[in-house]
Structures are given as structure tokens and as C-alpha cells.
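Please read the structure below before turning to the comments.
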Amino acid sequence: MPTANGSGPSQELGGHWPEIPERSPCVAGVIPVIYYSILLGLGLPVNLLTTVALTRLATRTRKPSYYYLLALTASDIVTQVVIVFVGFLLQGAMLARQVPQAVVRSANILEFATNHASVWIAVLLTVDRYSALCHPLRHRAASSPGRTRRAIATVLGAALLTGIPFYWWLDVWRDADPPSILDEVLKWAHCFTVYFIPCGVFLVTNLAIVCRLRRKSQSGLRPRVGKSTAILLGVTTLFALLWAPRIFVMLYHLYVAPVHRDWRVHLALDVANMAAMLNTAVNFGLYCFVSKTFRATIREVVHDAHLPCTLGSRPGGTVVDPALKPPGLPKGAER
């Protein structure tokens with residue numbers, strides 16, 4: 001392990017960052033590359049399978065919660081392709097960040113837009129569950145597949161628009177200059193948009209849902225925690241836990257020590273990014289753990305995908321007997 005760098009205040013930077021002469025080494029080595037390769041190799045097929053299953057459930061039931069979960073899974077797929085593959089593996093590992101600045105800045109728009117879309121679709125799911133549990137009559141009268149799709153489209157359009165200012169996001173890995181006012185504004189906007197505001201919504205609505213269920217239990221009624229509510233609590237809790245390290249390290253980089261010069265912050269940001277990207281692959285396990293309907297649909301999808309392969313592997317000329325044969329005519333009946 002490299003030794004800790006000096007921590008004396010820099011006169012050139014006005015005491016904002018410590019003066020450290022060397023560029024911080026990548027202590028993690030190839031571990032992030034291996035981690036993101038496994039995450040992409042396992043998470044992408046799992047999310048595609050989840051998309052097919054949720055599409056079937058949304059088509060059959062026409063419930064808003066399935067549409068929101070489907071949009072959330074689609075956002076996770078785009079996040080894995082744009083951030084994990086293009087950002088971390090292609091730009092970071094394969095090209096060693098030797099990419100034109102305009103390309104990097106343009107990719108920033110897509111990366112932040114996918115982050116915003118994924119988080120705020122979870123906010124839509126939270127508000128929908130709150131409305132269904134705390135205001136059931138109003139929710140039943142107002143909810144419809146068309147309204148749900150319009151809400152999702154609005155969030156996706158807003159996510160793309162809010163990603164545009166991050167074209168000017170500074171690369172924390174390479175930029176040795178102290179953060180400008182614009183950089184501070186963008187980093188605080190990132191923290192509020194993807195963490196502080198959504199987590200505030202999650203906290204308030206989840207507390208209201210829990211209090212509603214507790215009041216039902218105190219009044220003698222047996223509270224029924226639906227699968228959608230259990231999935232909501234799991235999704236929001238996992239997001240809050242997995243994204244907290246990235247937000248903390250980002251603010252630490254901004255005001256205490258830079259990633260570019262301090263190997264400890266460099267390592268912490270590597271680990272924080274890996275934890276945040278894990279959030280794109282864990283929802284499948286949560287859905288399987290909570291919902292028996294989802295597990296049955298997954299088995300159905302796998303069976304339907306396996307059946308053509310089984311039939312296609314039969315030798316040519318083989319005739320498959322039908323499961324039920326029509327009853328034959330008795331002997332002599334044809335006369």
C-alpha cells in the first residue's frame with residue numbers, strides 16, 4: 001500500500017485542498033474491472049429476464065405498480081450499458097480515459113440522465129403506493145395505464161433535460177484544479193437530485209405507509225402488507241444504503257481532499273461507485289424473494305424460452321405425438 005501523502009495546506013489553492021505533489025495511484029488495481037465485468041455479465045441478462053416477466057404481468061393485470069417496476073428495470077438496463085460498460089469499462093479500462101473531451105462531456109449527459117430517470121421512477125412508484133394505501137378511493141378512480149405511461153414519459157423527458165447541465169461536469173479522476181463555482185453547483189445539484197430529495201420523499205411516504213398499517217393493527221384489523229408495498233420498501237431501502245457512500249465521498253472530495261491527489265479518497269470513490277452500481281442488479285433478487293407471482297412468471301418465461309430450443313434439438317423427421325389423441329373408431333364402424 002502506498003504511504004499517506006502530505007496534508008499541509010496549499011497556498012496556491014487558498015487552503016481549499018491539501019497540497020500533494022503526486023497523482024494518487026489506483027489502489028484497487030484491476031478489481032473494479034473484474035467487478036464491473038461480472039456485474040454486467042450477470043446483471044444485464046437478469047434485468048432482461050425481469051423486463052420480459054414484468055411486461056407479461058403489466059399486460060395481464062394492468063396495474064400501475066408493474067408499469068413503474070418495468071420502467072425502473074429498463075432504466076437499470078440503460079444504466080448498465082451507458083455507465084458500467086461505456087463509462088467504466090470502455091472509457092476507463094480499455095481506452096484508459098484517452099477519449100476526446102467533447103465525447104466524455106456528451107457521455108456525461110446520458111449518464112446523469114439515466115441516473116435521474118432510475119431514481120425518479122422509484123419516486124413515482126413510492127407516490128403511487130402511498131396513494132393506493134392512504135387514499136384508496138381516489139387512487140382507484142384516478143389510476144389507469146394511460147396515465148401511468150404519461151407520468152413515466154414525463155419523468156424520462158425531465159431526466160434528459162436535467163442531464164444537459166452536467167455536460168460541464170469536471171472529471172474528478174483527472175482534473176487537478178480546485179473546483180469552480182460551477183463545479184460546486186453541479187455536484188450539489190447531483191447530490192440533491194439523485195439522493196437528498198428522493199430519499200426525503202422515500203422517508204416521508206414510507207413512514208406514512210408504516211403508520212397507516214400500524215393504525216390498522218391497533219384498531220383490531222389485521223394489516224395486509226401487499227407485495228407491491230414490500231417491494232417498494234425494499235427498493236427504497238437498498239437505494240438509500242447503496243448510494244450513501246458515493247454521496248459522502250463526493251462531498252468529501254469537494255471540500256476536504258481531492259480524488260486526483262489522495263489515494264484514500266481515490267479508493268473510497270472506487271468502492272462507492274461499485275456499491276452504487278450494484279443497485280442496478282439487486283432488484284431481481286428482491287422481486288423473487290417477495291413475490292410468488294413474479295417467481296411463477298419467471299418460471300413461465302424460462303419454460304417458454306426453453307421449449308423452442310427443446311423442439312429444435314430433435315432430429316429431422318421426428319414427429320411429436322400430441323398430448324391428447326382423438327379417440328379411435330371401434331373396429332367395424334367404418335363399414
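Every residue gets a Cβ built from N, Cα and C, even glycine.
Among the features that TrEMBL reports, transmembrane segment is placed at 33-54 (among others). Long-range contacts of the transmembrane segment (33-54) within the same chain, counting only residues at least 6 positions beyond its ends with a Cβ under 8 Å from a Cβ of the stretch, are 66, 69-70, 73-74, 76-77, 80-81, 84-85, 88-89, 93, 274, 277-278, 280-281, 283-284, 287, 294, 297-298, 300-302.
Residues annotated as domain 'G-protein coupled receptors family 1 profile' in TrEMBL: 46-287.
Residues 32-33, 36-37, 39-40, 43-44, 47-48, 50-51, 54-55, 57-58, 107, 110-111, 114-115, 117-118, 121-122, 124-125, 128, 145, 148-149, 152, 156, 231, 235, 273, 277, 279-281, 283, 287 of the same chain lie 6 or more positions beyond the ends of the transmembrane segment (66-89) yet place their CB under 8 Å from a CB of it. As annotated by TrEMBL, transmembrane segment applies to 66-89 (among others).
The annotation transmembrane segment is assigned in TrEMBL to 109-130 (among others).
Remote same-chain partners of the transmembrane segment (151-170), defined as residues 6 or more beyond its termini with a Cβ less than 8 Å from a stretch Cβ, comprise 67-68, 71, 105-106, 108-114, 116-117, 120-121, 124, 177, 179-180, 182-183, 186, 189-190, 193. The transmembrane segment annotation in TrEMBL covers 151-170 (among others).
Positions annotated as transmembrane segment by TrEMBL: 185-209 (among others).
Residues annotated as transmembrane segment in TrEMBL: 230-255 (among others).
Sequence annotations record features per position, and here TrEMBL assigns transmembrane segment to 267-290 (among others).
Outside the transmembrane segment (109-130), and at least 6 residues removed from its termini, the chain residues within Cβ reach (under 8 Å) are 64-65, 68-69, 71-72, 75-76, 78-79, 82-83, 87, 139, 143, 148, 151-152, 155-156, 158-160, 162-164, 166-167, 169, 190, 193-195, 198, 201-202, 205-206, 208-209, 228-229, 232, 235-236, 239, 280. Computed over the domain 'G-protein coupled receptors family 1 profile' (46-287), the whole-number mean pLDDT of the model equals 87.
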